[in-house]
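Engineer: Just passing along the structure, written as structure tokens.
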DNA sequence: GAAGCATTGCG
DNA sequence: GCAATGCTT
């Protein structure tokens, strides 16, 4: 061992194999492994409960692996990563820092600053692309006595009950990731293509959280896939080949999401198609709440939303269904939906989710048409032909015959009665009818083009920007709802369908916050329709029924999922972290990803793997 | 009841 | 943009 002592800064590369930064540290001599928990730096993308739970487990596995190698993981609680790193450097006398690249807008800025500050402090900083194969097998030798770990709290008391259930379904940590990878590659991958249409099949990889936290090297995944590809091609196994290709595409999509995030650091908050900023999104917290709670009246959507809330996980197909419904039928601002995914998904991944929501929203140049509406009824019979998925997550519909399970509003009264379904009472009528959504969408698009033309005219006339009631057309996004508490009156069941829709014309995307746009849900007629349920009629999540594969039998306890997210809060953005990202992103922190361009990963080709990339889960 | 036309689903 | 389905006369 020569040289000095180096810091290896772990972030979302929580593995010891195939880890270039760690390998470099080992080569350089003594290694001090550090993880800094500084969630405040993430602005309003503070990791959600299930995501933090995963992190906690994963760090613990990493720590024990490092201990086996003769060192351990030092954790620091901080509001400023850079000063924490400096502190560790001072107390250990390290003179080098190694880390692997991240590509989300916040990391790009932070890592750039880290490099700058530490370099100015005489520290050699090197960063790496972690998509390379390394075998860093040497014994580490870190003197940690001068640098105590701090306890970082990733789980508070109130979360323990719910989190306990996660452990029955998932095994975080790089060693487990490796096992999961092998299990998938040797098993479900073969039938992956065949089964991908089923919402409820357990044939997805379930690798997305492992990949998000860097417990797996994507490079390794890629190599295994290629080996399978060659093997099955030689055997003439077309089904297997098709599956591999499909999976490779999803890996590609993940790469593409990093590419997009790096080159368009605003893509998590602004549409890539300029005219979409003139789209009159429906700012209706009642709709938003109904969607979150799985009370839209469309069984497939509702089943998905309840699964998400109860388990932190959703099949990719269903992610597409619920997000498409969110944007096209409810016409809610897609950033709200994205934020909710961020808060609730176990594999929440800013880059992948931004790509997914942008694609679904039709705000990508190569996305799907904006005026296309997917019909959850048809999608229901496609992805859940026997209604098993719906019955699992919507107990109130469990006795409904398959014929009506995806469109109970059409069912004859006697059928509903026999099934114990009372529409508008124990299950809502459709919150928005598809036909109404279609015409509303057309109107909105017309409006959008008018707004754009008006805006252009104003700019051409040399006037300062200003659009209708939007005095901040340049910088006013639609704020995240701050408070979801809404009065819901049981007596307003079967309220008249919404006849008016309140819209806001501001660009929801440009960073900077305002709360003045928020509409109280109870000011809207629609909210009463949403309130088809009494507030306390919490959905009972079915027990022991979560579909998962093989020996992992996740169980869901109704007590642990204390009701649906009716009091869910989206905090208004307070930081303007992302504002800086576009200016600083080219500061040399992260190299441009080689051999990647948007065309080679055309989104259309990858439909179905949008969220969390190779997550397909 | 066949042919021509329009609408809708879908990648 | 195409194919399938439904609707009209």
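The backbone N, Cα and C atoms fix where each Cβ goes, and this holds for glycine too.
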Engineer: Hey, TrEMBL has FAD bound by A:204, A:205, A:206, A:207, A:208, A:247, A:347, A:348, A:349. Any idea which of A:192, A:259, A:266 it lists too?
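Structural biologist: Site partner of A:204, A:205, A:206, A:207, A:208, A:247, A:347, A:348, A:349 for FAD, according to TrEMBL: A:192.
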Engineer: Please report how many Å separate the Cα atom of residue A:192 (FAD binding site) from that of residue A:357 (site 'Electron transfer via tryptophanyl radical'), as a whole number.
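Structural biologist: Cα-Cα, rounded: 24 Å.
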Engineer: Within the domain 'Photolyase/cryptochrome alpha/beta' (A:4-133), count helix residues (DSSP H, G, I), strand residues (E, B) and coil residues, in that order.
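Structural biologist: So the counts come to 61 helix, 29 strand, 40 coil.
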Engineer: Tell me the Cα distance separating residue A:205 (FAD binding site) from residue A:281 (site 'Electron transfer via tryptophanyl radical'), rounded to the nearest angstrom.
Structural biologist: 35
Engineer: To see if you understand the setup: which same-chain residues, six or more apart in sequence, place their Cβ under 8 Å from that of residue A:357 (site 'Electron transfer via tryptophanyl radical')?
Structural biologist: A:323, A:327, A:334, A:335, A:337, A:338, A:341
Engineer: In which DSSP state, out of helix, strand and coil, do we find residue A:247 (FAD binding site)?
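Structural biologist: Note: residue A:247 (FAD binding site) is helical by DSSP.
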Engineer: Averaging the per-residue pLDDT over the domain 'Photolyase/cryptochrome alpha/beta' (A:4-133), what integer do you get?
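Structural biologist: Overall, the domain 'Photolyase/cryptochrome alpha/beta' (A:4-133) comes to a mean pLDDT of 92.
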Engineer: Taking A:192, A:204, A:205, A:206, A:207, A:208, A:247, A:347, A:348, A:349 as the record's FAD-binding set, what's the max Cα pairwise distance in Å, rounded to a whole number?
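Structural biologist: Farthest-apart Cα atoms in A:192, A:204, A:205, A:206, A:207, A:208, A:247, A:347, A:348, A:349 are separated by 23 Å.
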Engineer: For residue A:207 (FAD binding site), which DSSP three-state class applies?
Structural biologist: coil
